[in-house]
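Take a look at the structure set out below.
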Amino acid sequence: MATFTASVPRTLPTDLLRRRAVQKLLLLAVAAAILVPLANARWASGSWPDALTVDLTKPLTDVSDWIIDNRDSHPLFLYFFGYVSNAVVICVRAVYLVLLAAGWAGVTVFGALVAWRVAGVRLALGTGAAFLACGLLGMWVPTMQTLALMVVAVLASVAVGLLLGLAGGLSDRLDRALRPVLDTMQVLPAFAYLLPVVLVFGIGVPAAVLATVVYAAPPMARLTTLGLRGADKEVLEAVDSLGATARQRLLTARIPLARRELLLGLNQTIMMALSMAVIASVIGAGGLGDRVYQALASVDVGAALAAGIPIVLLAVVLDRVTGAAGESAGEETGSRRSWLYAAVAVVVVALAARLAGRLDWPDAWTLNIATPVNRSVDWMTAHLYSGVPVVGGTADWAGHFTTWVLDPVRGGLQWLPWWSVLLLVATLAWLIGTWRTALTAVLAMAAIGVLGVWKPSLDTLSQVLAAVAVTLVLGFATGIAAARSDRFERLLRPVLDVFQTMPQFVYLIPVVALFGVGRAPAVAAAVVYALPAVVRITTQGLRQVDPAALESARSLGATPGQQLRQVQLPLARPALLLAVNQGVVLVLAVVIIGGLVGGGALGYDVVFGLAQGDLATGLVAGGAIVCLGLMLDRVTQPTQRRTKKGA
Amino acid sequence: MRVRTTAAVASLVLLTGCGAADMTKQASPFANAQGAKTVTLSVQSWVGAQANVAVAQYLLEHRLGYRVDTVQVDEVPAWDALSQGRVDAILEDWGHPDQEKRYVDDKHTITRGGGLGVTGHIGWYVPTYLVKQHPDITNWKNLNKYSSLFRTPESGGKGQLMDGSPSYVTNDKALVSNLKLDYQVVFAGSEAAQITQMRQFAKEKKPFLTYWYAPQWLFKKVPMTEVKLPAYKEGCDADAAKVACAYPHTPLQKYLNADFSKKGGKAAVFLKKFKWTTEDQNEVSLLIADQKLTPEQAAKKWVDSHASTWKAWLS
C-alpha cells in the first residue's frame, strides 16, 4: 500500500545476545520441567484435552436466536442499531443516486479533474482511462455500487480515526490505552471482522459498511497520533510564546504540521477500505466484490477477472492520487479558481450526458472478456493442468505440494502433544521478543484450545507455515538479487507497487484457474500476496547495511558470497526479522480467505457460519483466527516495534 | 462544526421518521434506483434454481412489465432476507424446517407460495461405469470394502466422500460417523468446483463417491447411480447429530415475503401459480449449463416453445 521504510537499529554485540538467549532457554526449561509432567499427568492427550475446552455453541446460538427474534421489537435495536443501519443505508443510497445522476461521463470527468488538480496531468489521464475501462468491461453499475459504499465507509473511517487519533495525540494516558488495541487490530485478518457485525445487523450493506469502518479506521488513528506527536517542538514553543490558546495551537500549528501524516493516513484508510469493501461481499456488500465472489463460486474465471480488473484499477488510481496529494502536501496546490472551473466542467458534462440520454453506460460499448478468458483458461486446464511431460502439470504440483508438504506439516503439528506446542510458541516468542510478547502468544494459543478448535487451527497454522516458508525463500532470494543489482531493482519496483495495492480478494482468481480447488491454491495466493512486502523489506535492509563494514570486508578479500553471508545478512538481521513478521501477518490474512476456494480449516468455518446462518461456528472460528493472528504476530515480533500492516 | 453535526442528526431523524427505526424493514440501498416497479428474486447457486428464476424473470419482464432484480444469497441467509423484504420470493426451497417454523408459523413474515412441481432428492452417488466393475458398491454396507478406491490427497488415509458448497443441506458428516464408514467428507467449496472435479474424474474413468441431488442436468453428462443408504423414515433425521438414514424425497416449495404476497399485485399472483415439471426445469438447465446460453436466452427458448404451460400462470 503506501511505501515502507524500515529503520535498521544497531545490533547488540552477539555474545551478549547469545548469553541472554541461553538464560531465557534455561528459565523456560526449568518452567517446562515443572509444568509439563503436571499437565501431562492430568490431561494426557495429544490434542487439546476436552476437559479444558469451553463449548460456546449453545450460548452463541441462543444470542443469535435472541437477536433474530427481537430485532424488530427490542428498544436496543429500534432506537440504536436501527438508526445506525438506517443512516448507513440512506448515506450509501444518496451517494449512489448522485453517482448515477452524474452518469458515466460526469463521474469520469469528475475523477479525472480531481486527479488533475491534486496530482497532475498524467494521473488525470490514468484516472479517466481507468473509469472508462470499468465501463468497457460492463462493470459500470457494480463499480458505482462499490464506490458509493467506499465513499461512505472512508468518510466514516476518517472521522472515527481522526477522533481517536486526536485523543491519542493530546492525551498520554489515552495514547497508552489505545496503542496496543490499534496495534493488534492492524495484524488481524479482515475476515475476522465480518462475523460480529453480521450477528447484529444481518447480511447486507449496513453490516458491510460497518465492518469496513472498523477495519479501515485504525491506520488513520495511528497516523494522526503520530503526526500530532511528531510536530516540531520549536514551532510549538514559538506558537505558545505568541500567547495562543490550546485550541488555537491545535488548529493553527499542530494539525497543519501533521498534514503529511494525515494524508498518508487517508491513503492507507482508503486502500484498506477498498480491500475490505471487496471482501465484505461475503456479507452482502454487493458491487464488484459480489461479482468476483459469485464468479469464484462457479469457477468462472473470466467473469471474475472482468470484475477483478476494475477493482485493481480503482485501487491503483486511488493509491496514486492520494499518494501524490501526500507528497505535495505543504505546497499550495492550484488556485480556488481552477477548482471552480473544474466543478463547472463536471456539471456541464453531466448535464450534456443527461440531455443526450446517455446516463447509463451503453450496452453496445461493452467488451465481453469473459468468453475469451474462459476459453484460454480451458486451454490451460487442458494443456497445463496435468500430464505435461517432465515437469508435470499445475494440478500435479498442487497435488504433490499437498501430499509432500501440507499433509506432513499438518500431521506433525496435530501429532505434537498440546503442551509442547505451547512450549514451542513460548520459546520462539521469547527468543525473538520479550517475556510480554511470549506470554501473550502462549495465552492466545491456549485460548484457541479453550475455544475447542485446536485441530482446525493447527490445520490453518500448517498452511501458514508452508506458505511463509515458500514466501521467505522466494522473497529473500529476490530481495538479495534486487539489493545487488540496481537495474533489477528498477525493473522490480513498479511490479511490487502494483502487487501491493491489489486487494486480497483478487489473488484468488488466477490461483483457482491454475491449481483448481483445495489447500494448495490458498497457499499459492497467500505467497503471491505476501511476497512484495518481504522483497521490499529485504532489499531495503540489505541496502542500508553500513558501507564501511562492507568495504572493510572487501578489502580483506571476501568473495561476494562471503560478504553476503558474513556481513550483509547478519547486519540486516532486524530487517529480515521484520520481513518474517510482515510475511506471517499477510499470509495469514489470505490463507483465511482461502476458505472460499477450498482451503478448509478456520476460513471454511467462517464461510460455513455465514452460509448456513450458523453464527456459533463462525464466531468461534473468528475468535480462533484472532488468537492465531495475535500468536503469530507476537512470536515473530522483534523487540523493536515495527511499522504497520499493508507495508 | 457542532452546528453541522446537529443539523445532520436532525435531518437524519426527519428522514427516518421520529421514533423507532426498524432495521428489518430496510431495503438494499441499491434497489429500485430508477423508480421502476421491481421484483427481487433470490437465485441460489445451482443451475436448476437459475432456470426457475430465468423463466420467471423473462415472463415478469416481457409479459407483465416488471423490472426484476436477482440476488444471489445462500439458502439460510435467503430466508432471513426474505423475511426482511430484501428479497420478495424464493422459488425453490429444499426444506428448512427450523426457518419455516420461525418465519412462517411464529413471525408471519413469510408465506408459503405453493409447490414448484419438482421433487428433489439428495443422495450419495457413484459413477455408473464404476458400478459395472463392482455391482455391489451401490449398498452402503459394502462401502468400507472399497474405501481404498476413493482415496485422494485431501482425504488422508480414508476414502473421499465429496461434498459441494458449505451452504447446501447435508447430514454427511453425521452419516459417515454414525454408519461407521471409513470415509472423510471433503468439501469442494462450491458446486461448480465439485462439478469440475467430477467431470475430470469421469474423463479419466476414475472412481469417486459424491453427495449429489436430483433433478440435476449433470446426470445427462456423467451417468451416476445412487448408493442405497438405510431407508428414510419420517423423523429419522430429527436430531442432526444422530442421523443414520437416507435423505427424503422433497417436493420443492416456493416462499413469498408476507407483505409482497398481499401487495405484490400481478407479480405475486404469477409467482404463486408458477409450477412446472422436472423435465421442463432440466431442459432450461441444460441450455444454461451445457450449451452455455445466458439464462435469458435459455428462458426465451423455453418460453417460445411451451406457451400452453406458462399461459396458465398468467391467467
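Including glycine, each Cβ sits where the backbone N, Cα and C put it.
Nobody curates TrEMBL annotations by hand; they come from automatic prediction.
Copied over from TrEMBL, here are the features:
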type: TRANSMEM; residues: A:83-116; note: transmembrane segment
type: TRANSMEM; residues: A:123-141; note: transmembrane segment
type: DOMAIN; residues: A:143-322; note: domain 'ABC transmembrane type-1'
type: TRANSMEM; residues: A:147-170; note: transmembrane segment
type: TRANSMEM; residues: A:191-217; note: transmembrane segment
type: TRANSMEM; residues: A:269-288; note: transmembrane segment
type: TRANSMEM; residues: A:295-318; note: transmembrane segment
type: TRANSMEM; residues: A:338-357; note: transmembrane segment
type: TRANSMEM; residues: A:438-454; note: transmembrane segment
type: DOMAIN; residues: A:457-636; note: domain 'ABC transmembrane type-1'
type: TRANSMEM; residues: A:466-485; note: transmembrane segment
type: TRANSMEM; residues: A:505-531; note: transmembrane segment
type: TRANSMEM; residues: A:575-603; note: transmembrane segment
type: TRANSMEM; residues: A:615-632; note: transmembrane segment
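A Cβ distance under 8 Å defines the sequence-distant neighbours of the transmembrane segment (A:147-170), meaning residues of its chain 6+ beyond its ends; these are 88, 91-93, 95-96, 99, 178-179, 182, 205, 208-209, 212-213, 216-225, 227-229, 250, 254, 258, 262, 265-266, 269-270, 273-274, 276-277, 285-287, 314. Of the Cβ pairs linking the transmembrane segment (A:466-485) with the transmembrane segment (A:438-454) and spaced 6 or more residues apart, fewer than 3 are under 8 Å, so the two regions do not touch. In summary, the transmembrane segment (A:338-357) does not lie against the transmembrane segment (A:615-632): fewer than three C-beta pairs, each 6 or more positions apart in sequence, are under 8 Å. Long-range Cβ contacts of the transmembrane segment (A:575-603) within its own chain (Cβ-Cβ under 8 Å, at least 6 residues beyond either end) map to 6, 8, 187, 189-192, 279, 282, 293, 296, 432, 453, 456-457, 459-460, 463-464, 467-468, 471-472, 475-476, 479, 504-505, 507-508, 511-512, 517-519, 521-523, 525-527, 529-530, 533-534, 537-538, 540-542, 544, 569, 621, 624-625, 628-629, 632-633, 635-638, 642, 645, 647.
Tertiary neighbourhood of the transmembrane segment (A:123-141): same-chain residues 104, 107-109, 111-116, 288, 291, 306-307, 309-310, 313-314, 316-317, 320-321, 324, 360-361, 365-369, selected by CB-CB distance under 8 Å and a gap of 6+ residues from either end.
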